[in-house]
Amino acid sequence: MRSSYAGQVSEKLMGQTVTLMGWAHRRRDHGGVIFIDLRDREGLVQIVCDPDRAEMFKTAEGVRNEFCLKIVGLVRARPSGTENANLVSGKVEVLCHELEVLNPSVTPPFQIDDENLSETTRLTHRVLDLRRPQMQKNLMLRYRVSMEVRKFLDANGFIDIETPMLTKSTPEGARDYLVPSRVNDGHFFALPQSPQLFKQLLMVAGFDRYYQITKCFRDEDLRADRQPEFTQIDIETSFLSEEEIRGMFEGMIRTVFRNTIGVDLPGYPVMTYADAMHKYGSDKPDLRVKLQFTELTDVMRDVDFKVFSAPAQSKNGRVVALRVPGGADMSRGEIDGYTEFVKIYGAKGLAWIKVNDVAKGREGMQSPIVKNLHDAAIAEIIARTGVCNGDLIFFGADKAKVVNDAIGALRVKVGHSDFGKKNGLFEDKWAPLWVVDFPMFEHDDEGDRWNAVHHPFTAPKDGHEDYMDTDPGKCIAKAYDMVLNGWELGGGSVRIHKAEVQSKVFSALKIGKEDAQVKFGFLLDALQYGAPPHGGLAFGLDRIVTMMTRAESIRDVIAFPKTQRAQCLLTGAPSLVDEKQLRELHIRLRNAGAAGNA
């Protein structure tokens, strides 16, 4: 039996005989003495193999990297000057008495401590990749986060209840993963995008406080912070106001950060969606970046520069400035690089002005666009931006969405750049906030219809119900997102608990009564049986752990993730299935060669 983890051997065990089991991380032969770094999930310890134990030493000579070993030995102090302050075991070593190879290893395709591996190599050989100390730390932290969440919720009266994985396809924004039913010909289950409706039904059923740490599935285009299957901390509660819900779960996240990584998060400012978009062009602003938009739409309506005046005069247009203190030192090449960057977000280009001497007005400015702006516009730019000598001003002018996306991304990129950090435009800190008062609906110009911004079960703010009949664009939702360092950690809303209001929302979304009954009849029926006021939210566990570890991707905090093409390189999923399986499911492929042989 193992008596201790390798990574936990310390001075406390000095003079004791220990039994350790793990993997040979590294083997070194120094003048007839063999050193083996034994690794397990808790860390490393140095094993010393002396030749005076002939049989053990002979076994040690044959040990290679990644052999699985059992070690019995004496814990002793390392010789002076050989201590390793980076290890828990850094002041001690284990003098080996017995060495058993539990299982040898073929030569690994890479060194476990190699930090320059491609992601393809790492995901193809994920089992070996997971042996790397950083990956083990990431997944151990993930476990501790889950444990702290459960402890907090259990202490606050929440009940862990499972909801179905095979459910009904409902419109929630992304494409569903569909599962054909063998016994119900032509019918399909959907894997849940979230337990949204079931957790609301649990509130109607009277469970009062529910939570679940569960898998959710969305068949959508993938980015660095997305996976087709992801883990959600799902929560719902009855009889609490929006403010009480936010307060409780701000407390939960504070507790989790404090108890897992020793971080005391600062206070959470509350910002409306409208303010966030106005100042930062984003509903999840990174408040570590000290740059804000300056609104210039009204100023540019009468300038003789159509690049600015056309969007300024358009109902859906916007013109903003982004002042970059000290930015006049940027080279033309750097500015051209930012110009190409904003094109990724749909911008046609990037106008700019370098301010050399603000007191001279246009004469103190350097830019190809200055000649197109009248004196009043120049004066207003100077006054509103508060620009100083040596500053640079970027401009965004286009449809409001393009401006928000492009200049919002530019703001973050400049702030995070070496220039931004050198010039104090970025503060390395934890910057949480709540974003509230989201629009309830957004207009789809192509389809000429309104869509729900969050989901169609979000309650409108008091007094906004009538807007659903007259002007859905004015309707504000009781919705809230928790944002940390520019990432949405979680979000939720107060739900609709009255059937007539829910029907009104369906009507605004052009979901007819019959269609609503087919898709959501079970919910509408349940709401008629004294449904309590309720609300909740969901946190992305993958994102929380990614933030804590500062990993580049959520794939670094998931044991067996998918690629950006939704593939598992380890197992080869998704894969072809044989024709017999398809026949049992009453499925025939258009490309008959795509199925395997029966």
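Just so it is clear, glycine is given a Cβ too, placed from its N, Cα and C backbone atoms.
Under the heading site 'Important for tRNA non-discrimination', Swiss-Prot lists His30, Gly81, citing sequence analysis as support. Residues or ranges marked as L-aspartate binding site in Swiss-Prot: Glu172, Arg218, His454, Arg495. Summarising the annotation, Swiss-Prot assigns region 'Aspartate' to 196-199 and lists sequence analysis as the type of evidence. According to Swiss-Prot, the feature ATP binding site maps to Arg218, Asp219, Glu220, Gln227, Glu488, Gly540, Leu541, Asp542, Arg543.
Shown here: features listed in Swiss-Prot, placed on the structure.
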residue	record	contacts (Cβ under 8 Å, 6+ apart)
His30	site 'Important for tRNA non-discrimination'	none
Gly81	site 'Important for tRNA non-discrimination'	none
Arg218	L-aspartate binding site	Ala174, Arg175, Tyr177, Gln193, Arg226, Pro228, Phe230
Glu220	ATP binding site	Ala174, Arg175, Arg226, Pro228
His454	L-aspartate binding site	Phe438, Ala477, Ala479, Gly491, Ser493
Glu488	ATP binding site	Lys284, Asp481, Met482, Gly540, Arg543
Arg495	L-aspartate binding site	Gln200, Met203, Phe457, Thr458, Ala459, His534, Gly535, Gly536
Leu541	ATP binding site	Arg142, Val145, Ser146, Val149, Ile213, Phe230, Thr231, Gln232, Ile233
Taking the residues Arg218, Asp219, Glu220, Gln227, Glu488, Gly540, Leu541, Asp542, Arg543, which the record names as binding ATP, find the longest CA to CA distance and state it in Å to the nearest whole number.
19
Starting from the Cβ of Arg543 (ATP binding site), draw a 10 Å sphere and report how many other Cβ atoms land inside it.
20
Which state, by DSSP, holds Leu541 (ATP binding site): helix, strand or coil?
helix
When the region 'Aspartate' (196-199) is classified with DSSP, how many of its residues are helical, how many are strand and how many are coil?
4 helix, 0 strand, 0 coil
Helix, strand or coil at Gly81 (site 'Important for tRNA non-discrimination'), per DSSP?
coil
